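Engineer: OK, TrEMBL features for this one:
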ACT_SITE  Asp80  active site, proton donor/acceptor
BINDING   Arg23  substrate binding site
BINDING   His140, Ile141, Gly142, Asn143, Gly144, Asp215, Leu216, Arg217, Gly263, Ile264, Gly265, Glu266, Asn267  ATP binding site
BINDING   Glu318  Mg(2+) binding site
SITE      His112  site 'Transition state stabilizer'
SITE      Arg173  site 'Transition state stabilizer'
Amino acid sequence: MLDAFKKHNIINDINDIDGTGHRVVHGGEKFPESAAITDEVEKEIEELSELAPLHNPANLMGIRAFRKLLPNIPHVAIFDTAFHQTMPEKAYLYSLPYHYYKDYGIRKYGFHGTSHKFVSQRAAEMLDKPIEDLRIISCHIGNGASIAAIDGGKSIDTSMGFTPLAGVTMGTRSGNIDPALIPFIMEKTGKTAEQVLEILNKESGLLGLSGTSSDLRDLSEEAESGKARSQMALDVFASKIHKYIGSYAARMHGVDVIVFTAGIGENSVEIRAKVLEGLEFMGVYWDPKKNENLQRGKEGFINYPHSPVKVVVIPTDEESMIARDVMTYGGLK
């Protein structure tokens, strides 16, 4: 990585680096905000690996490599879950025996926090209003997707849960399902719990519904050519997001701004239109021409001027949020 930085003239020497930011998927309840990495913080991230066994160990490899290579500069961990630690109990608790939460930390954590934080702050800047006065529904829609209710700059609910498998339909992930389906599928197919989980994570979502692709661009082309399952997959995908918007508007007693971000949210005119369809009853009036013009990294509003609820497309910039936190938590300001 450092060789690539030198090759592209980002740095001349490793001594040019003043601090490093490390994106860490899971911070559990221990990290409600970013943290300067010490031996103790590194140990706590390792202990949280049971909550994110595919991600935290890989994150730790990068942390350890850079701490060893650059021991005299600040290293900061930025957690995907941190932004959602402001959720109230009524949002993050599952309706399970309470001791499962106390004993094992089983609760909703939420993810994509750095992205949701960035776009909510950017939306407030674009509106020239204090974020404390805004109720924002942030739709991070990529191959992985999550929706967040952000009231006064704080996350009060989000669609992903204990893991990034929960919530809306995604590229290859199922999103929410009836949990009784897992033993049912095991009984019918003879598969293990791990095999069923693999199906839910890697063979479901748009891919599973369509039977052809997890790529929304492919499915749009197939739907246009008359493939009914591809069209059905797109309809299900948009419908789940649509439902969360209504739910979160109810949670916040209204909404001031709806944000679309990430690969699909920033670029898919079709999905934005499907998601927004029928929301006029809650004050959402969007302009098809503006929607058509905003893609390929463009930023802007797609609502009519008279719309009480503003709708904005914002390319996410998690890297800038990470850089800001390195400055803040690394003591570089």
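Using the three backbone atoms N, Cα and C, a Cβ is placed for every residue, glycine included.
Describe each of these features in terms of where it is and what it packs against.
Structural biologist: Counted within 10 Å of its Cβ, the other Cβ atoms near Asp80 (active site, proton donor/acceptor) come to 26, all protein chains included.
Sequence-distant neighbours of Arg23 (substrate binding site) (same chain, 6+ apart, CB under 8 A from its CB) are Asn59, Ile78, Asp80, Thr114, Glu318, Ile322.
Classification of Asn267 (ATP binding site) by DSSP places it within a helix. Listed in sequence order, Gln295, Arg296 are the same-chain residues at least 6 apart in sequence whose CB falls under 8 Å from the CB of Asn267 (ATP binding site).
In the three-state DSSP classification, Glu318 (Mg(2+) binding site) falls within a helix.
The number of other CB atoms found within 10 A of the CB of His112 (site 'Transition state stabilizer'), across every protein chain shown, is 28.
Less than 8 angstroms from the CB of Arg173 (site 'Transition state stabilizer') sit Gly144, Pro164, Leu165, Leu200, Asn201, Lys202, Ser204, Gly205, each of them six or more residues away in the same chain.
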Engineer: According to DSSP, which kind of secondary structure is Leu216 (ATP binding site) found in, if we only use helix, strand and coil?
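Structural biologist: Its secondary structure by DSSP: helix.
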Engineer: For the ATP site made of His140, Ile141, Gly142, Asn143, Gly144, Asp215, Leu216, Arg217, Gly263, Ile264, Gly265, Glu266, Asn267, how many Å separate the two farthest Cα atoms?
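Structural biologist: So the binding residues stretch over 17 Å, Cα to Cα.
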